[in-house]
């Protein structure tokens with residue numbers, strides 16, 4: 001998959017884009033920081049904060065419009081046009097760098113933010129169109145790895161450029177070379193034509209942003225995923241912003257240690273992304289989220305206690321090498337690395353979930369809403385840090401401790417608001433530790449449209465195992481009440497199991513009773529709303545005459561369960577391996 005033409009040119013293109021953004025932004029900030037104040041039209045502090053604001057502002061203004069465009073045209077063509085725009089912007093940036101025109105460089109940073117805002121939705125919404133379902137997590141893992149390694153590389157490269165003998169020349173050449181390379185790689189991305197008529201486009205930055213968010217809120221599961229991703233960006237932005245002062249005040253270290261901390265965090269996210277891919281077993285797996293959240297909390301808390309104590313020598317300032325030389329720093333480095341790993345495990349399934357769960361033609365708009373919320377949470381993170389550090393006079397390590405503890409509250413919020421997350425976690429533990437489950441021909445189940453699943457499973461435990469069939473929730477319709485046991489409680493907790501109690505009167509014909517009509521109506525409504533509906537074979541036969549007429553247009557899949565007793569020598573016992581087999585009816 002990675003080296004295939006459907007993925008590799010896109011991957012290189014997005015990595016070069018992230019790299020170039022960070023090279024240009026950091027070169028500009030370093031030039032300003034180390035220039036003579038008299039050469040700037042405004043103060044250094046104002047310029048730096050204005051630059052940060054101008055880069056993030058386009059995500060609020062243009063993301064909604066970007067999502068609509070990405071959902072209504074060939075995504076490969078859109079990427080090519082955006083990369084060509086990047087080349088033009090960077091050619092102008094090269095002139096501004098060489099002439100040291102800071103206001104022009106500031107304007108071009110805003111345009112770079114605009115280009116990034118339009119690239120974001122197409123960057124993620126392209127994946128479900130070119131990758132198979134079983135490749136989606138792996139694709140997202142590579143994208144997250146590429147993004148954070150590019151951010152790290154861009155930040156470090158900018159430092160080397162500014163420290164060189166000819167910083168203006170190397171900066172101008174670098175941004176032009178990276179932009180041109182990104183455009184050339186985009187030309188190799190295969191066309192992805194629309195399979196439907198495009199919708200009319202309307203540019204309305206403010207109302208479009210609100211409408212984009214409201215649209216995502218109509219699907220609670222996607223809205224919760226967007227909030228969870230935004231929380232990660234809140235955390236990440238806080239850590240990255242505070243690293244320089246954290247290293248200076250609490251670690252008595254210089255700029256090279258700041259780069260080391262950034263490297264540990266970024267590489268950790270890359271490792272976490274691939275850890276997630278490995279333990280997802282080629283499917284979108286929300287069951288991994290608690291591991292990511294728990295890691296963010298526990299390693300974040302331990303980071304507070306890992307700060308070396310004792311008195312500092314007044315003149316001692318650690319470089320990266322001297323910092324690595326002392327073993328008292330290893331626990332802190334490990335904790336920071338594991339915070340990154342946990343972040344990767346947390347964020348990759350959420351992106352894959354949004355891509356898999358959104359309706360066809362709406363994925364880019366969902367990603368656009370996600371980008372808007374991400375930008376908002378990053379701005380809020382800066383405000384919260386200002387209040388805690390500036391007004392309440394907390395220390396940076398106390399801020400980090402507060403963030404770590406807040407992860408527990410975030411987890412509680414997510415799992416109360418969205419019971420599906422808890423169901424997926426229990427299903428993951430059950431299938432990977434206690435009762436291995438394999439799904440055969442999962443791809444036969446429709447990705448987005450409604451379908452009727454028919455099987456012989458009727459016990460609560462077997463019905464629970466149906467969660468493994470799809471990343472989409474399955475509405476289970478059963479005639480009669482389930483037993484009062486653990487598995488039945490889980491099914492009821494999910495909110496997706498409907499029990500119909502038919503009349504027991506001898507004179508009532510079950511083929512013409514009110515309960516039967518109610519069951520038919522709910523099945524029809526669920527399928528029309530593009531849900532997956534499960535019926536036992538017995539219940540299907542009861543309804544088949546009506547279903548064949550009223551729901552003939554919906555696909556039907558047969559679900560069979562095969563269990564085999566496999567010996568487990570190390571435990572000296574038996575363990576049942578279960579296969580869920582999907583066939584078309």
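One is the number of the first residue shown, and numbering goes on along the chain from there.
Even glycines carry a Cβ here, placed using N, Cα and C.
Automatic prediction, not curation, is the source of TrEMBL annotations.
The structure displayed is predicted, hence computed values, not measured ones.
Copied from TrEMBL, the annotated features are:
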type: TRANSMEM; residues: 46-70; note: transmembrane segment
type: TRANSMEM; residues: 141-163; note: transmembrane segment
type: TRANSMEM; residues: 169-192; note: transmembrane segment
type: TRANSMEM; residues: 222-241; note: transmembrane segment
type: TRANSMEM; residues: 253-274; note: transmembrane segment
type: TRANSMEM; residues: 286-307; note: transmembrane segment
type: TRANSMEM; residues: 332-354; note: transmembrane segment
type: TRANSMEM; residues: 366-388; note: transmembrane segment
type: TRANSMEM; residues: 394-416; note: transmembrane segment
Quick one: do the transmembrane segment (286-307) and the transmembrane segment (366-388) reach 3+ CB pairs under 8 Å, ignoring pairs fewer than 6 apart in sequence?
no
Mind pulling out the one from 46-70, 141-163, 366-388 with the most Cβ pairs under 8 angstroms to the transmembrane segment (332-354)?
141-163
Take the transmembrane segment (141-163) and find every residue of the same chain, 6 or more past its ends, with a Cβ under 8 Å from one of its Cβ atoms.
2, 7, 11, 14-16, 18-23, 25-27, 30-31, 34, 123-124, 127, 170-171, 174, 255, 259, 262-263, 266-267, 269-270, 273-274, 276-277, 344, 347-348, 351
Long-range Cβ contacts under 8 Å made by the transmembrane segment (222-241), restricted to residues 6 or more beyond its ends, are 216, 262, 265, 289, 296, 339, 343, 346-347, 350-351, 353-354, 357-358, 366, 369-370, 373-374, 376-378, 380-382, 384-385, 399-400, 403, 407, 410, 414, 417-418, 421
Sequence-remote partners of the transmembrane segment (394-416) [C-beta within less than 8 Å, at least six residues beyond its ends]
224, 227-228, 231, 235, 238-239, 242, 245-246, 249-250, 289-290, 293-294, 296-301, 303-304, 307, 385, 388, 422
